[in-house]
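Swiss-Prot has this to say about the protein:
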type     : residues : note
ACT_SITE : Arg168   : active site
ACT_SITE : Ser217   : active site, proton donor
ACT_SITE : Glu287   : active site
DOMAIN   : 24-188   : domain 'FAD-binding PCMH-type'
Amino acid sequence: MLILPIVKGEYKKDYNLKHLTWFKVGGNAEIFFKPLDSEDLKSFLIQNKQKLPIKTFGAGSNIIIRDGGIEGVVIKLGQNFSNIEFIDNHLIVGSSCLNYNLAKFCQANAISGFEFLVGIPGTIGGGVAMNAGAYGSEFKDIVVQIEAIDFAGNFLTFTNEAIGFKYRSNNLPKNLIILKVVFKINKGDSENILLRMNEINNARSSTQPIKERTGGSTFANPEGHKSWELIDKAGLRGYRIGGASMSELHCNFMINNGDATAKDLEDLGDFVRQKVCEDSGVKLEWEIKRIGRHP
């Protein structure tokens, strides 16, 4: 018998995750949990005596939920984890804050260095987790430290150095939930910041299928290469499996054309990896996370 910890937040059983993801595919979460605050989350983790499997969920922008759904508990940090505040010449930002919202906040307050976030879908926590980057900047360039909690309910702090940022990854422990991120502040000019953000938005809209059901870059760029060029060279621009295809506009983006399953998307990605390796000898690595069970 499944016994859930007593919490102040909200549980939902057999919860459909499809509508929360940008791809609009996937199965259900066995248990979906939105904690009220960090203490509520800590209480849940300490009480999790059955050691229910735990997955965290952000904005759903860079993830494929498999069609068989997710066993155990999916934890989503809500609005109570999205605050932005100034403390001692630093920005303290809740991990569920959207990258776009932080970029707009910084522009309004003449804080430079965050312009690139306007072009990165997802949350601050997710951005740290994958060292997201675009247009010449990455999270490693602006993060001072993070505050997190492990699955045993211990609050932990990691400095930039301890995070161990790498290209689209880091050295953080796996069983960790990021709660807050501390950023350094560099003052700038609001008008110049806005101009740069507009440049980034214009570049995105002209080169990426931002109005489609997509999950951002499918594969990380291998050293010395650009994934889209390798995919294009292999003749896979627009290639389709079921309801999923590689974008004609930017062939490192996968698209749900309306009736794709998670299996279609994952099969397409694996096929592209195979063909690129056969064509160029380069092994593409997934940038999009794939989690959950196969049906």
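First residue shown is number 1, and so on along the chain.
The backbone N, Cα and C atoms fix where each Cβ goes, glycine too.
Quantities reported herein were computed from a predicted structural model and do not represent experimental measurements.
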- Task: Tally every other Cβ atom lying within 10 Å of the Cβ atom of Glu287 (active site).
- Result: 20
- For Arg168 (active site), list the number of other Cβ atoms lying within 10 Å of its Cβ atom. 18
- Message: Give me the CA-CA distance between Arg168 (active site) and Glu287 (active site), in Å, as a whole number.
- Response: 8
- In this predicted model, the domain 'FAD-binding PCMH-type' (24-188) has a mean pLDDT of 97
- Task: Give the helix, strand or coil assignment DSSP yields for Ser217 (active site, proton donor).
- Result: strand
- Message: Return only the integer: C-alpha distance in Å from Glu287 (active site) to the residue listed as 'active site, proton donor'.
- Response: 7
- Query: What residues, ordered by sequence, lie under 8 A Cβ-to-Cβ from Ser217 (active site, proton donor) and sit at least six positions away in the same chain?
  - Reply: Ser227, Asn252, Phe253, Glu287, Ile288
